[in-house]
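As annotated by TrEMBL, coiled coil applies to 5-61. Annotation source TrEMBL lists domain 'Arginyl tRNA synthetase N-terminal' at 78-166. Annotation comment: TrEMBL describes 534-660 as domain 'DALR anticodon binding'.
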Amino acid sequence: MGDPVTEYTARLQQQEREIQSLSAEIESLKKPQNLGPSARLEELREENTKLKYRLNVMKRSLQEDSSHCGESMLNINQRLQDVFGEAIRTAYPELDNPPLTVTPNQQAKFGDYQCNSAMAMAQMLKAKGTKVNPREIAEKIVQNLPDNELIQRTEIAGPGFINIHLKKMFVSKLLNNLLLNGVQPPPLATRKKVVVDFSSPNIAKEMHVGHLRSTIIGDSMCRLFEFLGYDVLRLNHVGDWGTQFGMLIAHLQDKFPDYLTVSPPISDLQAFYKESKKRFDEEEDFKKRAYQCVVRLQSKEPDFIKAWNMICDVSRREFQRVYDCLDIKIIERGESFYQDRMTRVVKEFEEKGLVQMDEGRKLVFVPGQSIPLTVVKSDGGYTYDTSDLAALHQRLFEEKADVVIYVTDSGQGTHFQVIFAAGQMIGWYDPQVTRVEHAGFGVVLGEDKKKFKTRSGDTVRLMDLLEEGLKRSMDKLKEKERDKVLSPEELIKAQRAVAFGCIKYADLSHNRINDYVFSFDKMLDDRGNTAAYLLYAFTRIRSIARLANLDEATLRKAAETTEILLDHEKEWKLGKCILRFPEILQKILDDLLLHTLCDYLYELATTFTEFYDSCYCVEKDRQTGEVIKINMWRMLLCEATAAIMAKGFDILGINPVQRM
């Protein structure tokens, strides 16, 4: 059975079309004196009125269901957009796609949200030859607002802003729902398949600080999509194929001739790589052998595949150390996976007449793109262009992805632009239906604002950086004498939470498009918008219930029976801030900019501090320190704040601790 609201709406629209056509027929009759009321018209009008009434009743009950009974958190901004969208369509049916903007109000005196559509609508009407004052438009919108469960009142300000005041009871009920059901994502229309390509280091090379950004940003994007209910595939597109493996295998054969029977003790693959590169550049015989090794590897000779696997395994173990520290889950699917698929992709481009020969190379020119793709080199080998086309094809057709996101540095933006355009040109996907996007990021700078390097000018090894973070984090905790109040296990937990949390947060709290300055001192500062500040704030909020001797069962019972009062301005401000969480996530889903979540968590923590400083949660005897009174509704506001912060940390990949 279909959705009854949709069915009624469709019938209503059909009837209104019939009414219009009958009305037009009557108007067009030449002899008005012969005109009698059409029985069919009257019948339709009567049924139309009944349908409208039933539709409104159903809409009202649906609104109540969605706001009170649903376990999911409600996106208040989206709900207001629905309400104002309906009012605008009713007030101005002649406007196609009228602008709809609803934003939270920054100043409490202007209400909680604001609808700013009237000014833009005045421009649209003017373009159609009708001059209307925006304030009049705003008044007409307000007059046509449908019955709803969330708006207390509206007022028109300035040139035509509509200030919206929410009902306190509505906000209070949403907060109770949140406490009873936990932080649940808004319902999904369809569960889409999302592929995120991130981290992607090269085999036989150390992970460096550039991989840090891709790893942290990509992991957080995956966590967001997973929380919202999508089917997410996390892919590590490692560089595990190509000519460099020829020289590595040739060097392996020379240095460890019995490698097939005795596992070679390669601990420092970076040094091994440099040795083989030096020989490749200086020894002509070695160079020839290296090329022969590549051919034999590509022919999949068992001994060469075994050597290749050994080298890859050494790298994998190194990568895994980093992933374990940062709590990253990812599936390796390197360039080697696409070898056979590349041949098929080149064939498809050739069959569609999209390949041009140029001095032995096979090129694909994409309309509107300044550079062509090289799909086959003059020596018959494939390129990054070929493997990226094959990967895109595999993700769209085998994985059946609805969303594909590539998290790499912005320098690769043009390359991906051409790859995506080629995929559209050949008909693999329609950008209106499938979202394929490059989420680029800036470079990591040192405190001197130059590219982040070691003192000797080398790239910073990621593992060294993480170990330095652990050391500094412990120094900071000891400086604050936390080692005197925490058990050894708690201290280690706090050390890891602060070290890795601060490194992740410092990256994610900057707009990913910009370059960012890596500074341990700023990261570990517990003032301002840092993970250290937020982690301390979180443990403080969590400790309030402990100090009041309230256990989880008591708080849950209170959430079922206690109305959350929002009479104090700081209670009201905090309550609304907590409930903005779903709209923040929706914004990030649209633009993939995670710093918005960091800004929100910082705003939530500072709003909580304002509330806690102004509103007593627990009242104690000044002499004895005994608890005299617990203001339970305020304790519930503390719990709701902590629940949202915990989920925000989870999406950012940060592990908070109960004691710090």
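A Cβ is built for glycine as well, from the same backbone N, Cα and C atoms used for every other residue.
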Structural state census, the domain 'Arginyl tRNA synthetase N-terminal' (78-166) (DSSP three-state): 38 helix, 19 strand, 32 coil
Confidence summary (mean pLDDT) of the domain 'DALR anticodon binding' (534-660): 95
Summary of DSSP states over the domain 'DALR anticodon binding' (534-660), given as helix, strand and coil counts: 87 helix, 7 strand, 33 coil
